[in-house]
Amino acid sequence: MKHTIKVIISEKELDIRVRELGEEITKKYKNSKNKIILIALLRGSFVFIADLCRRIKIEHEIDFMTTSSYGRGMISTGDVKIIKDLDEDIYNKNVLIVEDIIDSGKTLSKVLGILKLRNPKSLSICTLLDKPECREVNINIDFVGFSIPDEFMVGYGIDYAQSYRYLPYIGKVIFKK
């Protein structure tokens, strides 16, 4: 489908906000005696976590989880499957889930349930982009980069049909008729 990309959040705005998020996260966890582990939900959050982890000024670990709720189609089945599980044990650690974008929150809510069973000391969420008007479940997001309207976004790791992850900014996809 033909489309164009309109810049919504510039590379400079992303850099400034990621730096601020790093400072907020550092402040929250700097006095904790328990380790902090950042968990990136792949694939979309890989660029965000790469930049964010360098802005957090306390010792931390990083791990990755890949989930799927789409089966073979483009509509979520609601059944969350873990494609790649964590390598690290999160028992008694401060866990910070790092997301690229949160809309309905259904998949994230199920991931939270799975991780809670592993008894972390704390479980928090950081997202680059939040679409609060799309929320279908009640979840508390501790750190939000940008609240955005319900529009299709790409760039900075977020894709459209596996394209546009490389863009250094967040852009809105405008479909042409």
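For all residues, glycine too, the Cβ spot is worked out from N, Cα and C.
Under the heading active site, proton acceptor, Swiss-Prot lists Asp103. Around the Cβ of Asp103 (active site, proton acceptor), the same chain contributes Lys131, Cys134, Arg135, Asp150, each under 8 angstroms and 6 or more positions distant in sequence.
Summarising the annotation, Swiss-Prot assigns diphosphate binding site to Arg43, Gly44, Arg165 and lists similarity to another entry as the type of evidence. Taking the Cβ of Gly44 (diphosphate binding site) as centre and 10 Å as the limit, one finds 19 other Cβ atoms among all the protein chains shown. DSSP assigns Gly44 (diphosphate binding site) to coil in the three-state reduction, outside any helix or strand.
The GMP binding site annotation in Swiss-Prot covers Glu99, Asp103, Ser104, Gly105, Lys106, Thr107, Leu108, Lys131, Asp159 and rests on similarity to another entry. The DSSP secondary structure for Ser104 (GMP binding site) is coil.
Counting every protein chain shown, the Cβ of Thr107 (IMP binding site) has 21 other Cβ atoms within 10 Å. Annotation source Swiss-Prot lists IMP binding site at Glu99, Asp103, Ser104, Gly105, Lys106, Thr107, Leu108, Lys131, citing similarity to another entry.
Within its own chain, Leu108 (GMP binding site) has Leu41, Ile97, Glu99, Ile102, Ile125, Ile139 as residues 6 or more apart in sequence whose C-beta sits under 8 angstroms from its own. Listed in sequence order, Thr66, Gly157, Asp159, Arg165 are the same-chain residues six or more apart from Arg43 (diphosphate binding site) with CB atoms under 8 A from its CB. Non-local contacts of Gly105 (IMP binding site) by the CB criterion (under 8 A, 6+ apart in sequence, same chain) comprise Arg135, Glu136, Val137, Asn138, Ile139. Cβ proximity to the diphosphate site centre (mean Cβ of Arg43, Gly44, Arg165, cutoff 8 Å) flags the following additional same-chain residues: Leu42, Ser45, Phe46, Val47, Asp100, Gly157, Ile158, Asp159.
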